[in-house]
Amino acid sequence: MFRPSFLPKQNTGGHRKLRKTAYLDGIRGFAALMVYCLHHQLWAHAFYDGSPALENTFGYNGKYYFAALPFIRTFFSGGHFSVSCFLVLSGYVLAVKPLQLMRQGEYVLLGDNVSASLFKRWLRLYIPIIIVSFMIMCTPHFFGIHMSFEPQKSWKDEVWKWYCDCKNMFFIWDTGNRVINDYHPHIWTIPVEFKGSITIYTALMAVSRMTRDGRLVALCVLWYYFMYITDGSYYCMFVSGMILCDLEMRAAEGTLPRWMRSLEPYKNVIFYTLFTVAILLGGIPSHSIEVSLLKSSPGWYYLAWLKPQAVFDFRWFFLHWAAVFLVASVPHIQWAKKFFETRFCQHLGRISFMLYLMHGPVLWLLGDRLYCAVGWTIPGHHILLMPWWVGRFPLPQWGPKGLELSFIVCQMILLPVTMWVAEVMTIVVDDSAIKFTAWLYTTPQEMQA
């Protein structure tokens, strides 16, 4: 627990045995790290032109920041790109086993698999959230430490508000896309994950008896519906992941559509192009959802006209393509695949859920105070709520935007602490939730037997 799992253990030889799709875990883990980077950049620079500088393009309003350069900007403001990757990856991973069973004609096992997956999915996603949000909710009342929310007058009132926030988030059939939890705003993606999971399992069962080509056509029609007829860009990403999974399996079988097979001689050029376009589109200006912002951003004017009428938030249309192109291209680019299969990226993949859930609490609990202490002060926030920390250890803000000395020094503390907390919570909370969910599903069956 105290030794990061990505560090090699002593007296172990040979190479690690990786699953065929291990690179997907690496992408998910690295994406979680990019979410961490985005939230820390925006929090520390909130009073210092943070979001307008880091979430707009290079040259916007005559400002030329290194952190806003194409490709480079992914490491500073790639958190939205990461979310789209999460959704595409979920669609891919959730579809693997059902698609394999379809190909084998094992329809009884397919029903068993989808049944088990549906039962476990809610518990798998929400048990860690219940635990983490409860801990956050208790912190101001038990320890007198200010977090990111305005506490209620008593712990009893806080528990009731926490309960109301949670039950509203658990009800996924709300017509809105986002359900914000005051105790943990970052978990707005979890209801989307659960709704997307139901979309995947329902679609798979609906097309399970179709031919290969019929299944592909049906899934493409569903993709078109989500992207161009209704404002379902989040769920379009799940369907895209499912389609990618199906195409990868067909490629391994040699049963791709003829027009795709005809492109085989050009696959290196195609996949390198897709990878490059993915990184460029992943840097979509994200400071505002107004299309006028996109049209006024250098290099994005003509692309802005591609946004479908049905998509309200233009960012997710472009981020959808960015994530799809990335996930599609990585397994066919040797150096990229090897990077995401490194021990470090695999470690990030293992702790990715807890890294996503815990980087916020660590930021609010420790990061907020460290940034305040070295000089990243937000007057209306720090001076009122934590005056002792204001300028306690002042450091110069030398360096380019996003790489200032005082920011880097804080990261030398915050990143290791966050990684360690995420690993501990993975072992204590996430792994336990998985085991409990499996036990809860199998125990009634054993009792019946």
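Each residue, glycine too, has its Cβ placed from N, Cα and C.
In TrEMBL, annotation is done automatically, which means it is predicted and not curated.
TrEMBL lists transmembrane segment at one of the ranges 125-145, 188-208, namely 125-145.
Between the transmembrane segment (373-390) and the listed ranges 21-44, 269-294, 402-422, the one holding the most Cβ pairs under 8 Å is 402-422. For the transmembrane segment (125-145), the neighbouring stretch richest in Cβ pairs under 8 Å, chosen from 269-294, 314-336, 348-367, is 348-367. Of the recorded ranges 232-249, 269-294, 314-336, 348-367, 402-422, the transmembrane segment (21-44) has the largest number of C-beta contacts under 8 angstroms with 348-367. If you look at the transmembrane segment (402-422), the same-chain residues 6 or more away from its ends with a CB under 8 A from one of its CBs are 2, 4, 36, 40-41, 44-45, 54, 65-67, 76, 351, 354-355, 358-359, 362-363, 366-367, 370-371, 374-376, 395-396.
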